[in-house]
Structure formats: C-alpha cells, structure tokens
Amino acid sequence: MSDQDGKKPLGLSGGARSGRVNQSFSRGRTKSVVVETKRKRVMVPKPGAPSAAAQNAEGGKRDKSVPDAEMDRRLKALQAAKARESQEAEERVKAEREREEERNRRRADAEAKEREEREREEALKAKEEEDDRRKAEEEARRNAPPEAAAPAVDPAAAATPRGGGKAAPARREPERDNKRENRSRGNDGGGRRAGKLTVNQAMSGGEGGRQRSMAAMKRKQERQRQKAMGGSVDREKVIRDVKVPETIIVAELANRMSERVGDVVKALMNNGMMITQNQPIDADTAELIIEEFGHRVQRVSDADVEQVIDTVEDDEGKLLPRPPVITIMGHVDHGKTSLLDRIRQANVVSGEAGGITQHIGAYQVTTESGAVLSFLDTPGHAAFTSMRARGAQVTDIVVLVVAADDAVMPQTIEAIAHAKAAEVPMIVAINKIDRPAADPQKVRTDLLQHEVIVEAMSGEVQDVEVSAMTGQGLPELLEAIALQAELLELKANPDRAAQGAVIEAQLDVGRGPVATVLVEKGTLRQGDIFVVGEQWGKVRALVNDQGDRVKDAGPSVPVEVLGLNGTPEAGDVLNVVETEAQAREIAEYREQAAKDKRAAAGAATTLDQLLANAKADENVRELQVVMKADVQGSAEAIVQALEKIGNDEVRVRVLHYGVGAITESDIGLAEASGTPVIGFNVRANAPARNAANQKGVEIRYYSVIYDLVDDVKAAASGLLGAEIRENFIGYANIKEVFKVSGVGNVAGCLVTEGVARRSAGVRLLRDDVVIHEGTLKTLKRFKDEVKEVQSGQECGMAFENYEDIRPDDVIEIFEREEVERSLT
C-alpha cells in the first residue's frame, strides 16, 4: 500500500472526478478515454450584493444588444404602468370611501326616520293617555261629593313644590336610578344605541319588547271616531239568491254569496270536509253552506244552458205553407239518382263514382205548375244505412224506387222499415218500365209481403210506373207528390229563429267545415249565430244547391252553411241563438256531456269483463286501418261496413277515421300501428306524401265503396289460417308382426283399398278405435324400400316411435292439404 500513500480512499461521495477512464478490450488490451462532464452552473449572489432586477432598475449593467430607443420605450411603458396602477388604486379607495359614506348616510336617514316615527308614536300615545287621564279626572270630579272636592286638590298641590324645597332632590333620585338602570340594560343588549334612553323606554318603564305599531294606533283611532259618530251599529246582512249548479268551486261559491273565501273554507272544515278553495263540491254540500250563511238557494242544472233555445210552439196565425221534403229511397242501381236527374233536368249520375250515389244529395225543384219541391237523394248501398235513416227522419214524403226488372231487394226492405219508423207517407215509383224484362205486377206482389199495399191492389199507397231514361210517367209522379203534400197541409213559421237538421257535413280544404242543412223552421240568415251538436258558429255564407250564394234560406230549403268552428255529426240539429256566448256555452256543455257519457260507459266495464275480453281477443287477429273520407256520412258508412267484416278469427278495426285530407299525423299514427291509410274521395297533402314515402306507409285511394270493402275483405282473408283438409288414400290390414333388429316391430300388411305412400300420415285402428296417429318409419316390398304400394299388394310397414302392433289391426293412410280460406 506504499504506492497508495497520500491518496484518498474510494467512496460513494468523493472529491472531483478524474477526466480520464480506462476502457478494457478483449485479450487484455486497455485504452485511456477522456471524459467530459457537463454541469449546470448555478449563480449564487454574494451576501450584500444587489439583485439583478435592482441592478437593472438602478441603471446597472444592461444588455448591450438592446438599442437605446427600445430601452427608453420599455422604461416609459413601465413608468406608465406604475402610474396607471397607482391611479386605479386611488380610484378604488375613493369609490370605497364614497360607498361607505353613502351607507352611513342611508343608515343615518333610516335611524332618523325610525326615531321620528317612534317619537310621533310616543307623542300620540302620551296624548291619548293625557286625554284619558283628563276624562277620568273630569268624571271623578263630576261624581265626587262637594265636600270632598277641596281635599282632592291638595295632593296635586303638594306634589308641586313652589319654593324649591328639599323635596326636589328626593323626587329626582328615582329618575337618576331609572336612567342608570336603563343605561345598564342598553349596555347588556350590546346594540348600537346602548346606553341611550328613548321616549319609548321612558314611557314603557324600561320593559323593552315590541310595542304597538303605527297602523294599530290608526285603527284604534278610527274605531274611536266611528264609536263617537255612532257607527258601531252592525250593518244589516244582505240575503242573496245563490244559484247552485250540480258542482261548483268553493271560491266561486264564496263569490256568489259575497262572503270571504276563508269563512267558507272554515265552515266546510267545521262540517268535517277538508277542502281548499280551488276544489269542487256537490250541490247538496253547497246548499248546506249557503243556508248556514243565511242566503237562499236556487238549484240549477247544467242542462239549463239549453233553455235559451227557442222551443215554443208557433202561433197558428203565423204559419205559412212550405214546400214538401221528398226523400228518394231504394236499392242500389234501381235508378234513384237517374230519376231525380230527369226531374231536375240535370246530370248527377255522371259525377258519381261508378254511377253510385255515395252522399245525401239535397236539391230543390220547381215544377211546371210552379210548385217547389225539395228532394233528398239517399244512397242505396248496404253501407249507407245510417244515411237512409237520417233521410227518413227529416222528410215529409218517401218515394220508394223499385226496378221493374229486379223487384224487391234488401235495401228496398230496409227503406220500407225506415219509412214506417219515421211514420211518413210513401209513394212507390216502379222504375225501368221501358226494359223488356220489366214486370211491374211482380213488384206490387212482392211489396205485399212487407205490408205495402198499393192502390192498384185496393191499398192506400200510391204507385206510379216511370222510366228515368224516357221520362215516361214523370208528370204522374209529380202530381202524386203534390197531392200527397196537399193532404199533409205542411206549414211553418218563417219569422222565427231558424231550426234545421244537418244532412251532411264535410271538411273542405278551402272553405273549412261545411254542413248541408235542411231548414225546418224559421229563416236562416247570413250573420246568424247558431249551435249545432257539439259545434257552434256564425253563418259566414249560405250556398244553395245550384252553387249560388244566397242571403237567407226559409223552411224546407237545403243550403250549405259556412262558418262552423268544427265539423258536426250528420243528423245534428241546428238552432239559432242570440249571442255568441250562449252558443259557446251550449256547445261546451254538450261536448262535456258526451265525454262524461263515454267515460261512464268505459267505467261501467268491470275488471272481470276486461280480463274476459282480453282472453277472448287472444285468438282473434285484427286488421287495423286508418280511414279518411270527404264527408261525415260516408266516413260513418264505411266504418260500419268495415266493422261488419270478419268472423271469430279475424276482424277489422278502424283505429281512426275522420273528414278531410290525409295529414302527416294520420301517417304517424299508421306508422306507429303498422296499418295502411285509406282515402275515400280524398288525397294526401304534400307533407303526408313525403312522410309516407320516408316511413314506408301504404296509402290507398278509393272512390267507390264497393272496391274499398272488397279490398279490405281480401286483406282480412289473408289473416285467416289455412284450412287443413285430410284426404283418405288407402287402408291396409295387418296379417303378421315381425321383429326386425335395428328397426323394431314390422307389420306385414295387405293393402285392401287405395294406395299406401311412404310420405303419408297413418292411423292405427284397433276394433275401429284410433289408438295411434303418426308417420311411417319404413315401407318395404320384398326387402326393397318403396315410395308407395298399390291396392292388393303386400308390404311391410313400421311406425315411427311406436311398437304396439298386433295382427288384425287396420292401418288408415291419409294425406293433409292446406286450403286457403276467405271471408264471405
């Protein structure tokens, strides 16, 4: 270790590193490598030396790379920033000082105002007490005996020393004590006014606490003034007649009685009813409360709103003759519209789709003799039962059209029933008399079965043979109608408020809701306010059957009415009222009554009934449709026709139907339920068409009700499951049973009838009783697998998953086929 003397030992933390290292290589070679170590230089200022910022600020050594102009600019910016900062600080201090002064000023004002109010209040109170004391002294002086009057003054005189005697200090001592006590109480509170004696504390004896407010003092003064003026007498209670409907809100009841709502609620609570002012109560409860408050009760019903409708009988002296209303009825394609066309000298049939009337047409005809006749042309299709019923209800005479070559048909019988139900006279028009196969006598004979006896067969019903094509018999028909109208002596009062029946209603794109109205009484004028069913409106325009605008319409005149707020139901009654408020009130009442009726019908269904219906509907498949039509009557007729389609397995359900064009909301409903949209004489608007294309909703348009019903019936038939039919193709008798390994029991059979097929179904009969039904596992003839075996041949059969086979059993062989079903 002698060579190591004077050197420091190795360690983890040693002195300076050497700049050389030895690098070793293979075979003992080494190489000396110079190593450079980079270290971060840390500048530590010496104690007492100024900082760099200070040196720069004091004009020390600056960077020579910065020009003098730049350095001057930087210094000016720094000085400007410092000046701006000091200015902002001064402004903040000034603003804070101003805010503090404003707060102090407001606080002082509030204190001064409070002090003034308190002093005014105390002054008023002191004045009141002084007045009370003076009144008490006067009362005591007035009631005291004369000899006691002189001594009564002595205590007052003794209480006031005249010469500044020794009594004064003795009297001031308690005041000083009170002041000291009040000051100590103020200090205990620690408040802003601690130690200060106020007038309020001096008057209240230092008790503190809340005193009477200024408003209370004013109320007391007002009561005293009224008492002095003799106003303390209770006012006489006003007894009112309070109208009570079936239900009334508590606040409305209080308003009608002119009582406080709180008093009414309190009275209800006293009677055991915890009800707020916005809750309704029934009429009996309201009557009890009204009697408790001393008022008189007038019970009214919600239906009383309809009493404004004029239902009085017309004076006989004001009745004038009116045109008869004739309804043309009969079976479809029996020539009703063609006959009316011939009478009107017009062509309506060409405008009807398929030549079939699908609306109630209302027309007015003037005959050659000058008589005015109003005609209603009803549809004859089976779907329009409700239309024919409405036509019979508003008519005076029914003309029953029967084709001479077709005789009495189902809708003819229905028309007879409607006429009898409406108790209106009937005239039989035997049409198509010009046809070669015409047999009018057969028509008369067939009518006898339905208790319609014509004059030719000693009855009272007139019958006329006519031809709509040639015009034969039309004068006789008009003469018969005029004769019947003359016998009826039809009259009406044209000078009263109008009343009519809605024959048809529709939603027109350009005109809005339009109703075809047959005026029955009075005169309907432009500008009249009316209510019809659940709708109301003001007559904006009247259009006659020729399409011309008219100012008014008298009795038995059919017109189109514009100006409704909604589409009414066909068959609704139109009544003219005086004000718009009455019309709106009646319409709202009827709408609410209809809602209540529907809700009651739904509520009447019990849970057991709902469960039973749901269980019954599990096996019923539905075809759902959304339908829009041009008029209300057609929509109702189509819905009735569609609901009749179906059986125990399939039915048609109309999710929604309405009047007017197909809209985007209809498409949305159809898409949500996966149903098609049917348009009858209407089209979809542009947004609806775009929505249908995007959502894949099918829209189908129809103009003939036959095609619509047939297509829906075909679609509903597609929901029916196919009918499975069995065809027996053969029989085989088992002669012997063999045990075959890998197969099981095999029956040696003789085909006695028909043919045995490998793919057919089989039944095993034992003593004519079916004991197994299944399929064949194998069918062999002479050890060969075959597809079929003809009658008279022997074969071997094995059943699938069945082994109980015995000799003399009979095998029945059959095939199944699926047959498509359709609704009839």
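All positions are counted from 1 along the displayed chain.
Glycine is no exception: its Cβ is also placed from the backbone N, Cα and C atoms.
Here Swiss-Prot flags 330-337, 377-381, 431-434 as GTP binding site, drawing on sequence analysis.
The compositional bias 'Basic and acidic residues' annotation in Swiss-Prot covers 59-75 (among others).
Here Swiss-Prot flags 82-144 (among others) as compositional bias 'Basic and acidic residues'.
The compositional bias 'Low complexity' feature in Swiss-Prot is assigned to 145-159.
The feature compositional bias 'Basic and acidic residues' is assigned by Swiss-Prot to 170-186 (among others).
The annotation domain 'tr-type G' is assigned in Swiss-Prot to 321-491.
The region 'Disordered' annotation in Swiss-Prot covers 1-234.
In the predicted structure, the region 'G1' (330-337) carries a mean pLDDT of 78. According to Swiss-Prot, the region 'G1' annotation covers 330-337, on the basis of similarity to another entry.
Positions annotated as region 'G2' by Swiss-Prot: 355-359.
Under the heading region 'G3', Swiss-Prot lists 377-380.
Positions annotated as region 'G4' by Swiss-Prot: 431-434.
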D333 (GTP binding site) falls, by DSSP collapsed to helix, strand or coil, into coil
Residue counts for the region 'G4' (431-434) under DSSP, helix then strand then coil, are 0 helix, 1 strand, 3 coil
Least surrounded, by Cβ count within 10 Å, of the binding-site residues G330, D333, I433 is D333
Using a 10 Å radius on the Cβ of K336 (GTP binding site), the other Cβ atoms enclosed count 29
Residue counts for the compositional bias 'Basic and acidic residues' (82-144) under DSSP, helix then strand then coil, are 62 helix, 0 strand, 1 coil
